[in-house]
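**Q** Here it is, the structure, as structure tokens.
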Amino acid sequence: MSADPVIVPARAFLFADPAAHSLSPGMHRAAFAFAGLSGTYEARRVPAAELPQAVAGLRAPGVLGANLSLPHKESALPLLDDLTPAARAIGAVNTVIHRAGRLTGENTDAPGLLAALEELEAPDELRGGRAGGPVVVLGAGGAARAAVYTALSLLERDVWVVNRTRARAEELAATWPAPNAGLRFQAADRNEVPWAQARLVINASSAGLNVPEDTPLPDFDFARLPENALVYDMVYKPADTRLMRDARAAGLRAANGLGMLAHQARLAFAAWTGVDVPAQVFHAALETEKTGGTGDAT
Ligand SMILES: NC(=O)c1ccc[n+]([C@@H]2O[C@H](COP(=O)([O-])OP(=O)(O)OC[C@H]3O[C@@H](n4cnc5c(N)ncnc54)[C@H](OP(=O)(O)O)[C@@H]3O)[C@@H](O)[C@H]2O)c1
């Protein structure tokens, strides 16, 4: 008589340091419940020195994969077997997918940002190519690299990157692969940007994160932007940042990074399970977490 097959519960993780206040477990648990799947999602504090061991553990049966957040998004790359084209181009992985002992690094921040922007902007405004005007990306870290990929490769728009430390923006532009279709990607100081054509500004810096009065554009005249411009702030805590308030005061549209957070989680869950749970499930879980008063990390 053969034994009943052992049902291994599906498991997914977040590796980050710190990890305690992550909003991801709430979203993924809601997704498992909605999809009718038995699975767990656990946020683990993994110090940098322990990342190799933690990643090796993802090869175990029943493990779907993991999300990676600070400080692991870049240092995990050499620990993985494959990278998707987006992860390779961005140079950062926020999602590891496990299949039969092999680990693939994916970056769902970039398509997550795209999906969030698609909820806010008409398709021909968003994908207007060069005619859509340049996209201004503020910041030069990992999130900025995802924003640059979204703007250059997914939206096919010219990109100007502006960072507090200009040398970092220069390095980002200098080391990025040549854009397709004659698109332009350059680092600039704030006063060099053609603001009058910039219909999309993305804050990918951490200015404003947990500091309500901090902004990546202090003493800036938002009337320099076209009146139909959208200011997208990847920061979502506080939910109403000073950048957003300043943009709105000038009559512009502004949104925080919760949409991107929800969509990057939706895309990671779909990559692990094959189930595309509606974004609304992730949005609703974030609302529950916010009213429950928990924290700020991916
Ligand atoms: N919504 C989402 O789903 C989502 C996803 C990913 C990231 N994010 C957010 O994106 C932000 C950046 O993340 P990251 O991983 O790219 O961080 P990072 O690699 O540490 O980069 C931080 C960037 O912010 C700049 N910066 C920090 N404080 C500043 C200030 N007071 N004024 C102007 N610039 C400042 C830094 O400039 P210097 O080079 O001059 O230091 C650097 O360019 C974080 O707030 C993160 O929470 C959101």
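The backbone N, Cα and C atoms fix where each Cβ goes, glycine too.
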**Q** Just to be sure I read the record right: S22, L23, S24, S69, D109, Y236, Q264 are listed as binding shikimate in TrEMBL. Which of N94, N228 is listed for the same site?
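**A** Looking at N94, N228, the one TrEMBL places in the shikimate site next to S22, L23, S24, S69, D109, Y236, Q264 is N94.
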**Q** Which candidate from M27, M234 does TrEMBL annotate alongside G139, A140, G141, G142, A143, N163, R164, T165, R166, A167, R168, G257 at the NADP(+) binding site?
**A** M234
**Q** Please average pLDDT over the domain 'Shikimate dehydrogenase substrate binding N-terminal' (14-96) for the predicted structure.
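**A** Taking every residue of the domain 'Shikimate dehydrogenase substrate binding N-terminal' (14-96) together, the mean pLDDT is 97.
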**Q** Can you tell me how spread out the shikimate site is, meaning the largest CA to CA distance among S22, L23, S24, S69, N94, D109, Y236, Q264, in Å?
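**A** Answer in Å: the longest Cα-Cα distance is 18.
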**Q** Just how spread out is the NADP(+) site if you go by the largest Cα to Cα distance in Å among G139, A140, G141, G142, A143, N163, R164, T165, R166, A167, R168, M234, G257?
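**A** Pairwise Cα check on G139, A140, G141, G142, A143, N163, R164, T165, R166, A167, R168, M234, G257 gives a maximum of 26 Å.
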